[in-house]
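Asker: Summarising the annotation, TrEMBL assigns transmembrane segment to A:27-47, A:53-72, A:84-105, A:143-162, A:171-196, A:202-222, A:250-272, A:322-344. For A:136-344, the entry in TrEMBL reads domain 'ABC transmembrane type-1'.
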Amino acid sequence: MSGVDAQQAEVEGHLSGRRLPRWSTPALAGGALLVGLIVQLTGWTVVGLAPGVVAAIVFLLGQAITSLAIEGRRHSKDRIATTLIYATFVVALTPLLWILITVLVKGLSVFDWTFFTSTMRNVSPRQPGGGILHAFLGTLEQVGIATLVSVPVGLLAAIYLVEFGKGRLKFWISFFVDVMTGVPSIVAGLFIYTALILTGVLQQSGFAAALALCILMIPVVIRSSEEMLKIVPNDLREAALALGVPKWKVILRIVVPTAISGLITGAMLAVARVAGETAPLLLTTFLAQDINLNAFNGSQTSLPTFIWDQISRGTTSSVNRAWGAALALILFVLIIYAAARILAARFTPKSR
Amino acid sequence: MSKQIDINDLNIYYGNFLAVEGVNLTVRANSVMSFIGPSGCGKSTVLRCINRMHEVVPGARAEGSVRLDGENIYGPNVDPVLVRRTIGMVFQRPNPFPTMSIYDNVVAGLRLEKTKGDKRNLDEVVESSLRGANLWEEVKDRLKKPGAGLSGGQQQRLCIARAIAVEPKVLLMDEPCSALDPISTLAIEDLIRELRERYTIIIVTHNMQQASRVSDMTAFFNLAAVGKPGKLIEVGPTQQIFTNPQEKQTEDYISGRFG
């Protein structure tokens, strides 16, 4: 190590200069945490900042200054940027972990066998017990119907856009898909409510709820499928066409199988996205306390509306049930994500 | 079995841009013709017009006629799918289907289009096509393995096997060796000389030694300037094009004095 800092070394044409030792970062972090702890214990308020924020600022400044003195400007700036990026990462992750831990702690307290196998029939809000079976079945049915409608429609639309569409029609379809992606979920519910329920075409039912979910799901499926079909190399389409294979067969037997893992992932992510929707369901299917497997007749509770219902009742047992249902919903979505990853890995074209 | 190709007054467009102008050319049955010329002169474009692959590009179209033993493939009731089944193509980059095994790749054309009423045993087709492409000995023990696991040269021979499995009359090759090493290139050139017995072959190449090694006839394309249409400058026996060209442009190009 030469006697000059890295900045000076650069000017003088050396390849090495002074650097901070490796232990400097943990040492500074420890010092900064100590300062934070002192602020916490003594109750000093540094212009009203929380102890954690004080520690972060001390760390950032301490590192910037020591680095500037020993390593030079470029390394100092590098360390500031690195610290800020890690800090934003922590800021972004904190609420996420917080939510997850809260839901886990509160939800696990009501998890037992009856919670998954019983319904809210004859259970008053104040009573403990009861379960989510009816809500879980409702979610399965509504999301299931929505998926059965949305995935074929979305996939066909994506195939049209990628393989056939041109000119004005393609532009407008693409445009409205973009617009639909941004539709607030309550508007989807409101639309089904006014267009189909108020006019008497449907009554409030699981099917009406599934249709509202379709409005949210179809654009998501179209967009993800479109991206997946686009990355299928054109070489493959041309190779198949040059063998004298008709275009529809090229799409069905070459393009879709090549993209299948991405298509599955996209569809599953769309499922996971709508599984947590509440607003469109409240308007279209309202609530029930017991199992209703008939999606075309009468109210049907789902996990999100169950949570909403239990919270609004405000008793200790009902709020606990809401936390339990929230945890169950998160697990449900997590299982769908995991299934998507496993299926996608299985269908990825292999080279060995 | 193989067929003759006659191209008459072929003009090729991308949208409103005239890419290639006024091509007149005859390729005899059971012969190998190579297309040579600088990049952008339209060799590949002309090649793709011969099995109607040109029109797959949005906005692309062709005027004039391409006759296969007298039948115009641009005639009013011609089905491009049938044209492509008769006139096969091998591309610049090897493009085996990634979802399929070696076996499935070879029979892809037959499996996906059974309207021929083809009752041939698929196993036999696979063996004869892979033998025809000089690949059988290398892959016979791993036919069920993915085609994408082969080396670049093997993949290209797999693509040739796939193309000849549907028994075309004509084989078009668009720079089939440009992505391959010299040893694989040699294997493909040997193969072209063998395939000549059964097919009419047209090959686009940037490698003039390759053109002189494998082809009976050579066609030289050139373009006056960027943005101008490409034209067929000269066509003749390969020997003559490389030793005694009639046009000055051809002579400049093959001797390395261009521009």
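Each residue's number is its place along the chain shown, starting with 1.
For all residues, glycine too, the Cβ spot is worked out from N, Cα and C.
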Asker: Flag the pair the transmembrane segment (A:143-162) / the transmembrane segment (A:250-272) as in contact if three or more Cβ pairs fall under 8 Å (sequence separation 6 or more).
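Answerer: Judged by the Cβ rule, the two regions touch, with the required three close pairs present.
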Asker: Do any residues, 6 or more residues outside the transmembrane segment (A:27-47), come within under 8 Å Cβ-to-Cβ of it, and if so which ones?
Answerer: 54-56, 58-59, 62-63, 66
Asker: With Cβ-Cβ distances below 8 Å as the criterion, list the same-chain residues six or more beyond the ends of the transmembrane segment (A:84-105) that contact it, or say none.
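Answerer: Those are 56, 60, 323, 326-327, 330, in sequence order.
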